[in-house]
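Q: Please read through the structure below; I'll follow up with questions.
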Amino acid sequence: MERLQRIFGAGGGLGHASPDSPTLDTSEQVYISSLALLKMLKHGRAGVPMEVMGLMLGEFVDEYTVRVVDVFAMPQSGTGVSVEAVDHVFQTNMLDMLKQTGRPEMVVGWYHSHPGFGCWLSGVDINTQQSFEALNQRAVAVVVDPIQSVKGKVVIDAFRSINPQTIMLGQEPRQTTSNLGHLNKPSIQALIHGLNRHYYSIAINYRKNELEEKMLLNLHKKKWTDGLTLRRFDTHSKTNEQTVQEMLSLAAKYNKAVQEEDELSPEKLAIVNVGRQDAKKHLEEHVSNLMSSNIVQTLGTMLDTVVF
């Protein structure tokens, strides 16, 4: 009813919205927690090359803020993520179990992956999003690309569908009060698939507290004990044998290079060495790596023998 009032307004259906009706704003942002982002990327990466789907839990803080605190996966995969494919029984049971574990948040939208082909909504995705918006007008659809996402840059975007009646009446789907919603330049692929015609993009932000930052920094933090980790003895033996063979080849090349230095002039020597492998440098590197790996392996074996 609020949507109809906003579309037709108080001006007799002339496209002028009522000043008292709530209007969506371009400065609305979706705040995704670190836990939710990691879960979405892990779920999307596990489903490659198929598409995967899940629901987002959080709350609508105010008219400008949607907070996503957690997500959970749905049993759908592949290209069959449609309105009929959403398992409502699984969704209800999952929400009941999450409430028992201290996660009382409501469903604020859904997410799915586009492995390798960018962030946009297809026709089936738009229908799925409209079914979520029928339950809650501010429901959000998040698309994540686990293939194009790399360390330090996550390819992700949030969308919400545009009512076709709004376009017919010549109205803007959202009012503009700041430049927050215009900071991200849309891709050509998303524009081709109906961005700003059938759906619009919502700005995404990530809010982390001190504990979350500490947790993320400790994910790939190396410890001093990592250097004492023993390798399999058969693997270590094969690596030593391969390294020694490479050292013999490099030693022969270095011996040949030394003999050429005595025979050739400096001008010819500078031309001859262009594009060649520096045998001396690689030989020193192989010797250093071989000695350090054997010292660490021997030291770790001695410590394990004494301790255990």
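Every residue gets a Cβ built from N, Cα and C, even glycine.
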Q: According to Swiss-Prot, which of these ranges is motif 'JAMM motif': 112-125, 126-139, 210-223, 238-251?
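A: Of the candidate stretches, Swiss-Prot labels 112-125 as motif 'JAMM motif'.
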Q: Let me make sure I understand the structure: which of the recorded positions listed (His112, His114, Lys238) has the fewest other Cβ atoms within 10 A of its Cβ?
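A: Output over recorded positions His112, His114, Lys238: least Cβ neighbours within 10 Å is Lys238.
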Q: Summarise the model's confidence over the domain 'MPN' (30-165) as a mean pLDDT value.
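A: Here the mean pLDDT over the domain 'MPN' (30-165) amounts to 87.
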Q: Can you check what DSSP calls Asp125 (Zn(2+) binding site), collapsed to helix, strand or coil?
A: helix
Q: Going by Cα-Cα distance, which of the binding-site residues (His112, His114, Asp125) sits nearest to Lys238 (ubiquitin cross-link)?
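A: Looking at Cα distances from Lys238 (ubiquitin cross-link), the smallest one goes to His114.
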Q: Provide the number of Cβ atoms within 10 Å of the Cβ of Asp125 (Zn(2+) binding site), excluding the reference atom itself.
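A: Other Cβ atoms found within 10 Å: 24.
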